[in-house]
Amino acid sequence: MVQTIDQAASLRGTVSLPADKSISHRSALLSALGTGRSRVYNFPDSADPQSTLDCVRTLGIEAGRNDEGVLAIHGRGLGGLHPPSEPLDCGNSGTTMRLLSGMMAGQEFGSVLTGDESLQQRPMERIADPLQAMGARIDLRSGHAPIRIRPQRSDGLRPLEYRLPVASAQVKSCVLLAGLYASGRTVVIETTPSRDHTERMLGLEVQEVGGERHIIVEEDHTVPAVDWSVPGDFSGAAFFLVAGTLVPDSELHLDDVGLNPSRTALLDVLDGMGADITVENERVQGSEPVGDITVRSASLSGIDIGGRLIPNLIDEIPVIAVAAACAEGRTEIRDAEELRVKETDRLHAMAQNLEALGAKVQEREDGLIIDGNGPNLLGAAVTSHDDHRIAMAMGVAGLVAHGTTTISDAECARVSFPGFWDELSRVSVS
């Protein structure tokens, strides 16, 4: 599908966001490991969380929606999963594959985890290494999926104290889930904090030791049946926060947005660039902070982004690059080499696409240098590289660029935000 975007005169209205993808994945997996019925309110229809739900069903877990759309998942406890009769298809979802691998590593039956062509190119040694250190028997194909996990011995996995070599919520969560099946205390040590949904939702002990976070899974930790309420996805909100900032005479409202501090570094970056964003009605929903956001048009200035900020805005860097291209002055993004092993090489994809729109971009091994010249992009033909975040970031760029922008393979936005293009059109004023 080719999506056509014309320059917008303004953006107005209240944005309808999809449910938070990260929390949705975890709600399905943890509900499967609980004992009894859990309910998930606002579970999304986007492709990635559906991949997780499909895998849970393949493991013998009953899950379905009632007439009000509430998802009920009937968990069978840590030892109640059934051997899968077919490979566990994770689709395009790295979160599904990495977190599910932690669960499967502790089972007394074997499993194979696979995914689409893109997912089979993403690195999986980063989860295989700690799982093998716990005694899991895992085979990869040249460091990638399919992942073959052989049956675990009845005495369980070995406990592990694991220091994350890089900040990664997926690797951390994989080890924590495997730790539920270990014969002793498992500790994951973070030097740089990453998103913390897993430890929040599991209710794990977290200790601050010498500037590091120690997340602890005790041998006897159980997973209760819980009713989860999934807030709006902050990563989905990010596109409208940047769009509402860049398009003149705009005012957008985003309600019930997840505001987990490990996810919202974009707010700090945009504030530092000069954005006009307010957060109101802050509250706690389950284990997660939630609030309502209003964004109004503002002129931006360049900024330096790197270090400990990066793990807490890694998904937002493509749309930050759009903001930087429309700001006045230089923006430097560094320490973001993780973006080279996402659904596509996001650093290269954004550099290529923004240059096509007339931006001045230098690509570095771990980031980008963008010399902004105000909102002076020119419409052009660009490609999503079949990456949902690239597609949506370029949709935002198209709203600002003079003329018409076309985005090829734009249907991939449905991976995380099925109604994105309709929502963008609905709030746009020509």
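Note that Cβ sites are derived from N, Cα and C of the backbone, with glycine treated the same way.
Look at Swiss-Prot and you will find K21, S22, R26, S168, Q170, D315, K342 tagged as 3-phosphoshikimate binding site. In the three-state DSSP reading, Q170 (3-phosphoshikimate binding site) counts as helix. Long-range Cβ neighbours of Q170 (3-phosphoshikimate binding site) (same chain, at least 6 residues apart, Cβ-Cβ under 8 Å): G94, T95, R98, L99, I127.
Taken from Swiss-Prot, the feature phosphoenolpyruvate binding site covers K21, G94, R122, Q170, R346, R389. In the three-state DSSP assignment, the secondary structure recorded for G94 (phosphoenolpyruvate binding site) is helix.
Around D315 (3-phosphoshikimate binding site), the same-chain residues six or more apart in sequence whose CB sits under 8 Å from its CB are S235, A238, R389, listed in sequence order. Swiss-Prot lists D315 with the feature active site, proton acceptor.
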Nearest-integer angstrom distance between the alpha carbons (Cα) of S22 (3-phosphoshikimate binding site) and R122 (phosphoenolpyruvate binding site): 18
Candidate with sparsest Cβ neighbourhood (10 Å radius) among K21, R122, K342, R346, R389, the listed binding-site residues: R122
In three-state DSSP terms, the structure that R389 (phosphoenolpyruvate binding site) belongs to: helix
Nonlocal residues around R26 (3-phosphoshikimate binding site), in sequence order (Cβ under 8 Å, 6 or more apart): L99, S173, H197, T198, M201
Same-chain residues at least 6 apart in sequence whose Cβ lies under 8 Å from S168 (3-phosphoshikimate binding site): R126, S194, P311, E338
Length of the line joining the Cα atoms of R122 (phosphoenolpyruvate binding site) and K342 (3-phosphoshikimate binding site), in Å: 7
